[in-house]
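Feature annotations, reproduced from TrEMBL:
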type	residues	note
BINDING	ASP38, GLY39, GLU40, ARG97, GLN98	ATP binding site
BINDING	HIS131, ASP171	Mg(2+) binding site
BINDING	ASP219	D-ribose 5-phosphate binding site
DOMAIN	5-121	domain 'Ribose-phosphate pyrophosphokinase N-terminal'
Amino acid sequence: MSNEMRLFSVTNERPLAIKISKALGIPLCEIELQKFSDGEVKINIEESIRGKNCYVIQSMNSNVNERLIEMLIMIDALKRASAHSITVIMPYYGYSRQDRKAHSREPVTAKLIANLLQQAGATRLISVDLHAAQIQGFFNIPIDHISAIPLLTDHLISKYGNEDVVIVAPDHSGVVRARRVADKMNAPIAILNRKPRPNEREISSVIGDVHGKLAIVVDDIIDTGYRATTSADKLLASGATSVVTCATHAVLAGHAAERLADSNIQEIVLTDAVDIPNEKLNEKMTIITIGEILAKAISGVQENRSLHPLF
């Protein structure tokens with residue numbers, strides 16, 4: 001397998017890429033990434049990849065726009081170097097929340113990103129817990145939509161399996177995600193009813209019984225932390241004994257880390273789909289790696305095996 005595939009990480013901030021590399025037993029190929037004084041990026045691939053199946057890992061951290069441009073330039077470099085295939089591993093799909101026109105004269109930027117990746121030369125995409133599953137339909141290339149929910153659920157079962165829990169969807173759009181956890185934990189479900197505003201949505205009511213229960217909020221993204229903390233406050237005010245929050249993508253923009261540290265949340269269960277700087281970590285956070293499942297996905301693609309168990 002190692003003679004036919006090449007594994008790349010675009011940025012130097014690559015702890016997840018290193019975990020994937022170790023799980024596969026394949027080293028990361030060397031690239032030179034230069035940044036000029038005006039911010040332009042130049043990439044040089046330091047070995048021949050002619051006829052190889054190339055897998056490119058890019059974690060979308062705090063600067064999504066910069067990471068995206070680096071990814072597009074990397075794809076173009078691989079294409080012009082005659083790579084046989086280019087599989088993009090983008091655990092967190094930037095702009096995924098702009099998946100539709102919610103108001104007049106708005107863009108559908110998630111579709112634009114799909115167009116850019118394909119036009120640059122990507123032949124396949126592997127992503128984790130897309131904010132909106134319909135983003136898969138924005139592509140004309142194969143997409144492997146991997147889920148980290150089983151990993152999060154395994155942790156929750158091991159730690160809270162013997163407690164009286166209720167699984168909470170932070171809004172109506174998150175019910176399917178919460179239901180997957182609830183079914184695995186054999187627990188009831190509740191829903192937070194919200195009045196929508198960007199990043200900060202007022203909770204008008206709790207649908208379902210949370211009184212006397214440990215409430216586990218299941219989300220896909222924690223961005224500003226406002227939604228997570230207000231959800232916890234509302235659940236505790238509604239009679240929950242304590243609140244645990246879990247999410248796949250820890251964007252943690254602005255003062256989110258401090259807001260979470262000062263919150264009433266008992267535990268915050270996250271994955272490393274987005275690189276979390278050490279200064280944003282706190283004792284409430286539990287980080288679960290998705291390196292193994294992404295390595296299995298890459299191996300499955302390379303060897304033409306079904307990835308169904310990872311969905």
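Including glycine, each Cβ sits where the backbone N, Cα and C put it.
In this structure, of the binding-site residues ARG97, HIS131, the smallest number of CB atoms within 10 A of the CB marks ARG97. HIS131 (Mg(2+) binding site) sits 9 Å from the residue listed as 'D-ribose 5-phosphate binding site', taking the C-alpha atoms as the reference points. Averaged over the domain 'Ribose-phosphate pyrophosphokinase N-terminal' (5-121), the predicted model has a pLDDT of 93. Of the listed binding-site residues, namely ASP38, GLU40, ASP171, ASP219, the sparsest CB environment within 10 A is found at ASP38. DSSP labels the residues of the domain 'Ribose-phosphate pyrophosphokinase N-terminal' (5-121) in these numbers: 39 helix, 26 strand, 52 coil. Taking each of the binding-site residues GLY39, GLN98 in turn and counting other Cβ atoms within 10 Å of its Cβ gives the largest count for GLN98. Calculated from their C-alpha atoms, the gap between the residue listed as 'D-ribose 5-phosphate binding site' and ASP38 (ATP binding site) amounts to 38 Å. The two recorded residues ARG97 (ATP binding site) and ASP171 (Mg(2+) binding site) have their Cα atoms spaced 14 Å from each other. A straight line from the CA of GLU40 (ATP binding site) to the CA of ASP171 (Mg(2+) binding site) spans 40 Å. Straight-line distance linking the Cα atoms of GLN98 (ATP binding site) and ASP171 (Mg(2+) binding site), rounded to a whole number, equals 17 Å. In this structure, the C-alpha atom of ASP38 (ATP binding site) lies 42 angstrom from that of ASP171 (Mg(2+) binding site). It is 39 Å from the Cα atom of ASP171 (Mg(2+) binding site) to that of GLY39 (ATP binding site).
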